[in-house]
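Undergrad: The following feature annotations were taken from TrEMBL:
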BINDING   Arg49, Gly50, Ala51, Arg92, Gln199, Asn250, Lys251  substrate binding site
SITE      Cys160  site 'Transition state stabilizer'
ACT_SITE  Asp240  active site, proton donor
Amino acid sequence: MARRSLQPIYWDGDAVMIVDQRVLPHKDKVLRCTTPRQVIQAIKKMAIRGAPAVGIAGAMALALGAQSITAADPKTFRRKFVGLCDRVRAARPTGNNLGWAVEAVYSVAVENPDADVPTLQRLIREKSQQILEEDIAINRAIGRWGRQVIPKGARILTYCNAGALATGDYGTALGVIRAAFEADPTVHVTCCETRPFLQGSRLTAYELLHEGIPSTLITDNAAGSLMQQGKIDVVVVGADRIAANGDTANKIGTYTLAALARANGIPFYVAAPRSTIDPTIANGSAIPIEERDPKEVTHFNGRRVAPKEMAAHNPAFDVTPNKLITGIITEVGILKRPYRKNIRQALEQA
Ligand code: MRU
């Protein structure tokens with residue numbers, strides 16, 4: 001399968017190829033994964049990240065694993081496959097798309113009870129590719145809806161990386177920005193560096209330059225001041241998991257931006273596919289928040305900054321309450337209050 005220019009993951013024969021986002025933008029390194037374990041490690045170590053991209057990686061890990069399951073009959077195959085699904089699902093906890101993709105791939109085994117093992121292996125591999133391709137189409141739809149809320153010449157603020165690299169391609173929040181820029185080249189993007197992993201300064205900045213979108217990088221701390229000075233017209237961010245009531249988990253610091261946007265009368269949009277919505281979680285307080293290595297906080301670029309004895313706390317995500325969200329841009333439209341009802345209806349749509 002040919003790789004599109006910023007596509008972070010793709011099949012090459014029987015291998016899953018993952019663009020190593022830890023070394024971007026300065027190195028173009030691609031990991032060749034031939035076992036599910038390698039893909040799971042790539043997810044855990046953030047070589048691939050961003051909720052939709054992690055979901056796609058999970059689906060491809062299952063396809064790799066399915067290929068190597070030795071089973072004389074479909075029943076044994078399914079039993080072994082369930083164990084693999086559990087291991088893949090556990091790779092990262094907060095993003096909903098991983099569990100969603102695992103369910104989607106597992107349903108292939110359930111929906112084809114009479115298929116023999118080689119057929120199941122083929123169908124599972126095809127499903128992983130389908131999830132990738134559908135994600136790209138979904139992002140383009142999110143872009144078409146989202147550009148409608150971006151005013152002419154808008155100064156847009158975004159956070160973390162919700163771009164091509166975080167998805168199958170094109171991006172969610174950055175998909176909205178790409179679509180807005182295609183229609184109106186006078187927009188300007190402010191991108192926050194996004195401590196501690198720097199997805200903004202390394203990945204979003206790289207994507208914005210790649211697309212030729214006028215943009216400026218700021219420290220996370222500068223966002224409030226810019227809003228206060230009237231230099232931001234709209235905020236668009238991605239999401240990792242959206243509860244049934246619209247509360248949204250996204251990269252740590254998103255809640256701060258939403259509160260600042262509200263304080264300054266600036267619309268705050270979340271852009272995400274429906275696969276990010278978790279209807280089993282009533283509100284944001286039940287969203288599992290990943291705690292990452294404290295070294296990401298105590299060290300910078302591999303070098304210790306904080307004193308040796310200093311303890312650090314490193315939650316990777318926070319939850320923005322629905323009341324701070326102007327709208328949730330999905331592939332089927334922009335969801336507004338009352339979120340619980342409108343989210344339910346959006347999930348019921350084909
Ligand atoms: O820890 P990361 O880099 O996986 O976090 C990514 C984000 O928080 C993104 O904003 C989110 O996954 C949406 S990506 C389309």
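Even glycines carry a Cβ here, placed using N, Cα and C.
In the displayed structure, how are the listed features positioned relative to their neighbours?
TA: The secondary structure of Arg92 (substrate binding site), as reduced to three states from DSSP, is coil rather than helix or strand.
Remark: Cys160 (site 'Transition state stabilizer') has Ala166, Cys192, Thr194, Gln199, Gly200, Thr204, Val237, Gly238, Asn250, Lys251, Gly253, Thr254 as non-local neighbours, by Cβ distance under 8 Å and separation of at least 6 in sequence.
Counting only same-chain residues six or more apart in sequence, the Cβ atoms lying under 8 angstroms from the Cβ of Asp240 (active site, proton donor) belong to Ala51, Thr94, Gly95, Asn96, Ala249, Asn250, Lys251, Thr276, Phe317.
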Undergrad: Apart from Arg49, Gly50, Ala51, Arg92, Gln199, Asn250, Lys251, which residues in this chain have a Cβ no more than 8 Å from the mean position of the Cβ atoms of those residues at the substrate site?
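TA: Going along the sequence, the neighbours appear as Val54, Thr94, Gly95, Cys160, Asn161, Ala162, Ala166, Gly238, Asp240, Ala316, Phe317.
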Undergrad: State the three-class DSSP label for Asn250 (substrate binding site), counting H, G and I as helix, E and B as strand, and everything else as coil.
TA: strand
